[in-house]
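Per Swiss-Prot, the feature ATP binding site maps to G613, P614, N615, M616, G617, G618, K619, S620; the stated evidence is sequence analysis.
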Amino acid sequence: MKAEQKHTPMMQQYLKLKAENPEILLFYRMGDFYELFYDDAKRASQLLDISLTKRGASAGEPIPMAGVPFHAVEGYLAKLVQLGESVAICEQIGDPATSKGPVERKVVRIVTPGTVTDEALLSERIDNLIAAIYQHNGKFGYATLDVTSGRFQLVEPETEEAMAAELQRTAPRELLFPEDFEAVHLMSNRNGNRRRPVWEFELDTAKQQLNQQFGTRDLVGFGVEHASLGLCAAGCLIQYVKDTQRTALPHIRSLTFDRQDHSVILDAATRRNLELTQNLSGGTDNTLAEVLDHCATPMGSRMLKRWLHQPMRCVDTLNNRLDAIGEIKDQSLFTDIQPIFKQIGDIERILARLALRSARPRDMARLRHAMQQLPELEAVTSSLAHPYLKKLAQFAAPMDEVCDLLERAIKENPPVVIREGGVIAEGYNAELDEWRKLADGATEYLEKLEADERERHGIDTLKVGYNAVHGFFIQVSRGQSHLVPPHYVRRQTLKNAERYIIPELKEHEDKVLNSKSKALAVEKKLWEELFDLLMPNLEKIQNLASAISQLDVLQNLAERADSLDYCRPTLNKEAGISIQAGRHPVVEQVTSEPFIANPIELSSNRKMLIITGPNMGGKSTYMRQTALIALMAHIGSYVPAESAHIGSLDRIFTRIGASDDLASGRSTFMVEMTETANILHNATKNSLVLMDEIGRGTSTYDGLSLAWASAEWLATQIGAMTLFATHYFELTELPNLLPNLANVHLDAVEHGDSIAFMHAVQEGAASKSYGLAVAGLAGVPKPVIKNARNKLSQLEQLGQGNDSARPSTVDVANQLSLIPEPSDVEQALSNIDPDDLTPRQALEELYRLKKML
C-alpha cells in the first residue's frame, strides 16, 4: 500500500498541498476555521499561544492539530509576520454540495514578511522591504523591493562592512540568500532569512526575469546592465515575489542602481550612535526622526526616514530642497497644506493593493476621498514659484476621470469586503439595480403576506421569517397550531412553535434567492471590471503618490524649521564645517534647562579638534550635534544653528561608546578596536570622524598609546575632519607637535564637593577632568571619594617626579603607530630572494643581518 493511501482522502489532499509548501506554515480552510496539522500545528501553537489538540488518526497515528477562526485570521497573520514567519493560505474553492470527495482546495496567496500589503499587517510609518543578497569574490550584490510602492533598487557593496551598513540602513523584513552564501554572519540575529537555490541567482535567468517584468528587450535603459552582482540578486527577488503573490506586478515598472558615491555613507556603528530612527535601547523615543517627523501622511513619513538614512552629496539637489523649504516656510504654506494631506492619507499602499488586485472596498473609498482633495491642493499650491515645487504640483494635479469613476461606482460607506455585496453604488449599472430591486422588494411582500395570512386564518401568533438553513417559513405557536389550514406543509418543529411552507411563499423564496444571487454575481463582476478600468491610471497614481510624499516631507521640514528656529545651511563643495551657535536637535527638545549652543570650526587649516573636559560635561553631545547638523544639511533640511556652512562629505564615522557584543563573543575593547580599524582603513580627507574615548578599555599606557597613534594617523595620513574626545591629557600636546590641530574643552566649576557643568566649548585644553566630583554626583560614598583624593595626590606627586617618561613630551617620530614603519632588518630581508643565494652567500647575509640588530 502506498504511503498516501494510509491517510483519509482529506489528509491526502492536505499532505499534497503541504508538500508544495514545505518550508512555511499552511493555513488549511475547514469550514469556519483555518487548521494546521503535524509540525505546523506544534509550531503555530508555540508562536501564537493557541491550543494544540489532536484530530482522530491518520496512518494509525493521532494527528496534532491547531486552528484559528477565519474571521480573526488577520490578527494571527500579523503576529506571525512580525515574527518573520511566512504563511500559505489555502481556501475551499469547490462547492461542498456538489463535491463527491473532499471539497477542492488550493493555495490562493502566500503571506510573507517582505511582501505583505494588507493594512493590518504593516507598520504605517516604516518601509516594508524584501531584499536579496549575492556574493562573489568578496563583493556583494544587494537588491531591495518595496512591494507596497513598487520601489526597486540595487547596489553593489564592495566590502563586508559596506554590506553590513546597507543591511542596517534598509532593515529588510525578509532576506533571500543563496544556499552557498559564505558571509552568513551578516544575517545573524535577523528574522525572515530565506535560503534559496543557487540557480535562482544565475545572471542570464535574472536578466530574463527582469526583462519579462518590465516588458523590455534589455536593461540598458535602467543603467544597470553592468551591475551583474546586483542583477543576480534582483532576479531572484522578482521571481520570489511573483511566486508568492501569484499575480502580475504592474506597479513594479523600473529598477534603479543606487550609486554609493552619490550618498554620504554611514556605517552601521554611525547609524546606531547617531540614533537617527532608533535609539540605543531599540525604541523610537528621543531620536532625530521623532523630532523631525511631523509629516501629515504615512508615505511622507516613510520618505523622510529614507532621506535620513541616505543623505546625498549632490549640492544642486540639496539646494533645490532648501529653496523649496524656504518658499513654503516664508509663505507659511504648511498651515494650509497639512490639513489637506491628512485627508489624502496613504495612497501609496492603496496603489499597491490596487495593482495586485487585492484592494478592498474601503481602499477604493479612501482613494476616492484622496482624489476629492486634489482640487483644493491645486488651489493652495498655485502660488508656488520654484521649478521643483511647480513640477511636484503638476504631478499632484486633479485626476477627474478617476475621481468621477470612483464616485459613480462605490457606495459612500461600503462594507469591509466584497463577499456579501453592497459595495457598488446605485445607478452605476442598470442590471444590478434591477436584481437589487427584486431582492429588496421581498420585505414589503413578506410583511403583506404575514398580515393577510394572520387575518385570513385568525392566527395571532403567525409570523413570516427566514434563516439560511430552511429559507422562508411561516411560524405559528404550538398553542395555535390546530388553526393551521391543510395546505400548510410542516417544515420544522421547535419546542414552542411549528414552522410551515406554502406554495406561494416557496415561489417567492426561489425568486428572491435567485435575485440576490444574481445581484451578487453581477456586483462581483463589476468589482473586477473596476480594477481593469483603474489599471491604465496606475502610473499616474504612482506619480501622484511620489509627488505628495515629497511635498509632505518639504512642508514638514518647513514647519519644523519655523517652529524650532532652524537656519538654512550654506552648502560648499570644498571640505569644511563652520557652525555658529549649533544645537543638538534632540537634546534641546528633551532637556528641562536652556540648551547651551556652541560653535565649531573645521577647515583645511583646522582639521582636528582634541576635545577634553569632564564626564557629563557635554563632549559627546557636542560631537553628535556636529554630525547631526552636517547630516541634516545633506538631506536638504534647515539646521539647529544661527548659521552653518557645511562642506561636501563622503562619509560620517562615529566611534562613540561601546558595549560587549556577547552574540559574537567580542569584548567592549574588541568592539572599540574593530570600529577604530574600520575608520582608519576607510576614512578620507572628505570624511567627518567622531572619536570618543579611544583606548579606555585596556591598560592606561596601552590605551594612551593607541589613542595617540590613532589621532596621529588621522591627522597625518588621512587628513579627515575629526573630533577627538579624550581623557588622556597627554593628547593635548598633539596640536603643539602637528599642524592643523587645535585643542578645545568643555569647562566646569567646582564648589566644594559639588560641580557645575558649563556645557560651553572653549578654546584650549581642559585644566582637569573633575572625575572625583562626577563620582560624588553619582552617589559614590564619601569615604571612598576621600580615599580617592588621597590616592590622586600620591599619583600626581609620582608623576611630577618622572616627567621625562610622560608620553606628552615624546617626539612624534617616536610615537607608536597602529601601522608601523618596517625596520631596517625587515627591509633588508624583503630584498633577498633565498632561491638566488648560494650556501656561502646565505651565511654572509645572515652575519650582515645580525650586525644590523
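Just so you know, glycine gets a Cβ as well, placed from its N, Cα and C.
Here the features listed in Swiss-Prot are placed on the structure.
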| residue | record | Cβ neighbours (10 Å) |
| --- | --- | --- |
| G613 | ATP binding site | 28 |
| P614 | ATP binding site | 23 |
| N615 | ATP binding site | 19 |
| M616 | ATP binding site | 18 |
| G617 | ATP binding site | 26 |
| G618 | ATP binding site | 25 |
| K619 | ATP binding site | 26 |
| S620 | ATP binding site | 21 |
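According to DSSP, S620 (ATP binding site) sits within a helical segment.
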